[in-house]
Amino acid sequence: MESQKQEDNEYIFRSLYPSVPIPDKLTLPEFVLQGVEEYTENVAFVEAVTGKAVTYGDVVRDTKRLAKALTSLGLRKGQVMVVVLPNVAEYGIIALGIMSAGGVFSGANPTALVSEIKKQVEASGARGIITDATNYEKVKSLGLPVIVLGEEKIEGAVNWKDLLEAGDKCGDTDNEEILQTDLCALPFSSGTTGLQKGVMLTHRNLIANLCSTLFGVRSEMIGQIVTLGLIPFFHIYGIVGICCATMKNKGKVVAMSRYDLRIFLNALIAHEVSFAPIVPPIILNLVKNPIVDEFDLSKLKLQSVMTAAAPLAPELLTAFEAKFPNVQVQEAYGLTEHSCITLTHGDPEKGQGIAKRNSVGFILPNLEVKFIDPDTGRSLPKNTSGELCVRSQCVMQGYFMNKEETDKTIDEQGWLHTGDIGYIDDDGDIFIVDRIKELIKYKGFQVAPAELEAILLTHPSVEDVAVVPLPDEEAGEIPAACVVINPKATEKEEDILNFVAANVAHYKKVRAVHFVDSIPKSLSGKIMRRLLRDKILSINKK
C-alpha cells in the first residue's frame, strides 16, 4: 500500500486494487435486478421458520406493482415511507418498490417503543408506513396511511395483497425521472455523537458501495450464494450488505426475524447457508453454548462468516476456528454514513483469501482513507493510530435537516470523519483500536475498552464482559469491568483484577469489577456501555 503525499503533506491511502466502474444511468432497483431474466424461478428470499419464499420473478413483478400502487396513492419523488417490519420474505420487494416509485425507504426497528418509532416518523417527514398486524398497534395512532402485510384485513389500514392488485390496474404514470443523485434511503444512525439522525443516501451512494464491495465476486458464484439474513433489514448492513448485495448476485437470503441458537443452526444446515453475516455475541454463543453440540456440524455447508459492529477478541476467534475449522472468519468495517461496508477481508486475487487476523481488512476499490490526530487534525503515516477518515462516492449527502451535525462529520474536502481510532500497517491492512467517544482517559492515558475486553474473555470463567469508564476524582476516569461469570466459578473481584493486571501496562489495569447477569447489546451487537455505566453509577449512589 503506497501512501500518497499530497502538496499539503497529507498521508492518503488508496486500495491495492484497481478502480471499478460505477454505472451512470441506473437506479438502485435497476442495478440490483440487472440480468434477473435468467433467474426468475430461483428463490430470492425464504423465511427460516415459516418456509415462506419469494422468487426473483416475484421480486420483479411485485416491485413494479408496489411502485405503481404507491404512486397512485400520491407518493412523490423524495418522499419517505417508513417500514416497521421484522426480517420477512417481502422486505426486499418493499424497499425496491418504494425506491422505484421515487420514494425514500426508511427502515425502523420493529422492537422499538411507540415513542421511538414516532420520533423517526416525525423526523423523516414520512408520508406512509408499511408494517404487519403484530406491529400495527404501534403505528396506527401516528396519523399516516398504513399498509399492513399478511392475509388479515384490518379496518383503517390498506391490505398488502389488495394494494398489489390495485397496482396491477394502474396504468403507467408519467413519473418524474429518478436520477442517481436522488435520495433513496434514510436509515437512522447514532453517528459519532450518540443521538439518532437520518442519514441521507442516494441511488449513487448505494450503487457505488455495492460496486466496491462486490468487486471480488466471480462469475461462477452468481446464483450460488446462500446468505443468512439475521442482521435486521432495517439496519444499513441488512438492507444493502445482505438484501441488495445478494439480489445483485442472484443468490438466496434465508431470513430470520429473531435470534435463537437452535433456529439459527437449523437454518444453516437445512438451507445450506454458505455465507453468514453475524455479530460477535453469536460467535461467543457458538463457541461456549452446549446447545451447539446437539447438532451434526459435519452437515454445515457454511464457507464464511462475517462479523462487524464490534471488535472480535483474538482468543474468541481462535476458539471459533478450532470448533469450525472449515469456516473462514472475515472481520469487516462499515458505517451507515458510508452506505455500508468500507473495509473488508475478501481478496479476489487469492480466491477466498483474507487479510490479517484481527484486522478489519483492506481498503476497497474507489476509496481513499487517511488517519488523523484527533486533536490537531494532522494526517498520520502508516502504523500510527488516529481517527479513520474516508472519502468516496459512498459518503452520505448529510444528516437529514441537521447541517450542524453534517458539518461536524464531513469536512470541506469531502472526508467523512468516522469517530473510530485505527491505523494502517505496511501491507495495507487496517486495524480498528476503538471509538473516540469510548476511549477511557485514565490520568491522561487513553485506554481502549475493546483491548481489556479481549483479555478478560480469555479467562476460562468469564462468559461475557464489557468495560466502561467510571468518573474518578483523582484519575479522571477509571476502567470498570462488568463481568458475566460462569455460575460454577469461584473467582472473586480481586482474582479478575489480578488477571488483567498481569497482562497489561499499569495505566490499563481494570480498577473495579461488577458481576452482572448479562451484557446489554444493541440489535447490531454493539455493547450498550452508557446503559451499563449509568446502572453502576445509580447503584454506587445508593
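Each Cβ is built from the backbone N, Cα and C atoms, and glycine gets one as well.
If you check Swiss-Prot, you get these features:
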| type | residues | note |
| --- | --- | --- |
| BINDING | SER189, SER190, GLY191, THR192, THR193, LYS197, GLU331, ALA332, THR336, ASP420, ARG435, LYS526 | ATP binding site |
| BINDING | TYR237, ALA309, GLU331, ALA332, THR336, LYS437, LYS441 | (E)-4-coumaroyl-AMP binding site |
| BINDING | ARG258, LYS443, GLY444 | CoA binding site |
| REGION | 260-331 | region 'SBD1' |
| REGION | 332-399 | region 'SBD2' |
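Features recorded in Swiss-Prot, as mapped to the structure shown.
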residue : record                           : DSSP class
SER189  : ATP binding site                 : strand
TYR237  : (E)-4-coumaroyl-AMP binding site : helix
ARG258  : CoA binding site                 : coil
GLU331  : ATP binding site                 : strand
THR336  : ATP binding site                 : helix
ARG435  : ATP binding site                 : strand
LYS441  : (E)-4-coumaroyl-AMP binding site : strand
Integer Cα-Cα distance in angstrom, THR336 (ATP binding site) to LYS441 ((E)-4-coumaroyl-AMP binding site): 27
Nonlocal neighbours by CB distance (under 8 Å) for ARG258 (CoA binding site), same chain, sequence gap 6 or more: PRO86
C-alpha spacing of ALA332 ((E)-4-coumaroyl-AMP binding site) relative to ARG435 (ATP binding site), in angstrom: 15
Count of other CB atoms lying within 10 Å of the CB belonging to LYS441 ((E)-4-coumaroyl-AMP binding site): 13
CB contacts for TYR237 ((E)-4-coumaroyl-AMP binding site) [other CB atoms within 10 A, all chains]: 25
Among SER189, THR336 [binding-site residues], residue with fewest other Cβ within 10 Å: SER189
Pairwise CA distance, LYS441 ((E)-4-coumaroyl-AMP binding site) versus SER189 (ATP binding site), rounded so that it is a whole Å: 25
PLDDT averaged over every residue in the region 'SBD2' (332-399): 84
Among ARG435, LYS443 [binding-site residues], residue with fewest other Cβ within 10 Å: LYS443
